[in-house]
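Quick look at what Swiss-Prot lists:
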- ASP248: active site, proton acceptor (ACT_SITE)
- LYS270: active site, proton donor (ACT_SITE)
- GLU22, VAL23, GLY43, ARG44: NAD(+) binding site (BINDING)
- PRO225, GLY301, GLY302, ASP303, ILE306, THR331, ALA332, MET382, GLY411: S-adenosyl-L-methionine binding site (BINDING)
- SER128: phosphoserine (MOD_RES)
- 1-204: region 'Precorrin-2 dehydrogenase /sirohydrochlorin ferrochelatase' (REGION)
- 216-461: region 'Uroporphyrinogen-III C-methyltransferase' (REGION)
Amino acid sequence: MDYFPIFCQLRTKPCLLVGGGEVAERKARLLMEAGAILTVNAGRFTPQFEQWQRDGQLTLIAGDFDPALLTGKWLAIAATDDSRVNQQVLAQSEARCIFCNVVDAAQQTGFIMPSIVDRSPLMVAVSSGGSAPVLARILREKLEALLPQHLGQVAHMAGHLRQRVKAHFPTLSLRRRFWERLFAQDRLAQSLANGDTTQAQQQVDALFSAAPMDRGEVTLVGAGPGDAGLLTLKGLQQIQQADVIIYDRLVSDEVMSLVRRDATRIFVGKHAGHHCVPQEEINQTLLDHAREGKRVVRLKGGDPFIFGRGGEELEALAAAGIAFSVVPGITAASGCSAYSGIPLTHRDHAQSVRLVTGHTRQDGQLDWSCLAAAGQTLVFYMGLSQAATIQQRLLQHGMLPDTPIALVENGTTIRQRVVSGTLTQLETLATRVASPSLIIVGDVVTLRPRLNWFRCEAASA
């Protein structure tokens, strides 16, 4: 973060603007809209500045910049066409610990002014840190079209309701749910937009009288294979509404950065063959937080119903009578194969695909004869530590030694690595990658050189 975003309360605060041209005019409008007591210093002023002074909206001081003008000021803006003067204003301001903005000089300024979308009291600010002001402007224009004008009225009503909500709902979680319901009311916003405050008040009163919102619930959310862009829209909504996030090690840092900032985060990561947190303890953690009336998200890498123990956790919730729902995710097989240029099925190479876990509760549960059959693609999850066994069993049951294979490490992320070779090399290649990795076995791997589009580190045996 190059710049710390902050909104300043400037109402009745003395501020200095140095510059009297059209650019300075735009800054003056913003400062006056914010309620600042504005002094403007310049050699010449546009007619608009002179009109503002006649109207008593600001004070004009003609002449060269005098550092004494900064005395008692909270904020300064240098908006002249003379860079020497602008830098003098900046230096004198910083010497007095006064924030100073130099217009159109992102690298030589004390603070920058973002593009804004004004739906007062709701304000949206967009900034590129001076690197791409046109991009910031384009984003502001998109937001202007997206955010209706009456949002400000909704925000005003919310401000008047704060004390009533605090008195009515005893916990932060309940208050948050009330606000989410309120802001989801399209009819309320429409009533305010139409000026029908009576109807709007009736809709608000109905929310206070609605069914209790203190029942806890758990949502099982698939976080996808790593790339945060592959998280579903519904999954994003759930993690941004949750009171508690219980997540494992396969959830990427990029996805976790999207979680609501004030949500409680509980890590229950597990490694193959070593359960950092026993499954029974994870189940109990879900139950405990849901029973406290919280909105809990169990966030799992990939899809929770594909080798994610999602079914086991939901059985525990169902037995306890806890409400739950499931948001599927893109499983690792789909994500890693797509980002590696390896289609899992292809009319010329594979008419079916099998998703197989490299770890089972008992040896021998897998039908290796079926797995070794031609015309299919095998995808092994959590198979690195069992690579030697996988290689041995497939060869024993008739799979050709030169069957192409690929190991995908950290699939779909910028850290993705793909190591390829043949079945006889699987045990050796497995030592060259780290978990989390996926093993893909089948003729479709030969398509990778032509179909790979995601550029990352790759290696061939």
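In case you wondered, yes, glycine gets a Cβ from its N, Cα and C as well.
What Swiss-Prot annotates, mapped onto the structure for a quick look.
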| residue | record | DSSP class |
| --- | --- | --- |
| GLU22 | NAD(+) binding site | helix |
| GLY43 | NAD(+) binding site | coil |
| SER128 | phosphoserine | coil |
| PRO225 | S-adenosyl-L-methionine binding site | coil |
| ASP248 | active site, proton acceptor | coil |
| GLY302 | S-adenosyl-L-methionine binding site | strand |
| ALA332 | S-adenosyl-L-methionine binding site | helix |
| GLY411 | S-adenosyl-L-methionine binding site | coil |
Beyond the site residues GLU22, VAL23, GLY43, ARG44: chain residues whose C-beta lies within 8 Å of the centroid, for NAD(+): GLY19, GLY20, GLY21, ALA24, ALA42, PHE45, THR46, ALA79, THR80, ASP81
Neighbourhood of ARG44 (NAD(+) binding site) by C-beta distance under 8 A, where only residues 6 or more apart in the same chain count: GLY20, ALA62
Winner by Cβ contact number (other Cβ atoms within 10 Å) across the binding-site residues VAL23, ILE306, ALA332: ALA332
Cα-to-Cα gap, ALA332 (S-adenosyl-L-methionine binding site) vs GLU22 (NAD(+) binding site), nearest whole Å: 56
Maximal Cα-Cα distance (Å) across residues annotated as binding NAD(+), namely GLU22, VAL23, GLY43, ARG44: 15
From binding-site residues GLU22, VAL23, GLY43, GLY302, ILE306, the one whose Cα lies nearest ASP248 (active site, proton acceptor): GLY302
Cα proximity to VAL23 (NAD(+) binding site), best match among binding-site residues GLY302, ILE306, GLY411: GLY411
Euclidean distance between Cα atoms of GLU22 (NAD(+) binding site) and GLY411 (S-adenosyl-L-methionine binding site), Å: 53
For the S-adenosyl-L-methionine site built from PRO225, GLY301, GLY302, ASP303, ILE306, THR331, ALA332, MET382, GLY411, further residues of that chain with CB within 8 A of the site's CB center: GLY224, LEU250, PHE307, GLY308, GLY329, ILE330, ALA333, GLY335, CYS336, TYR381, LEU438
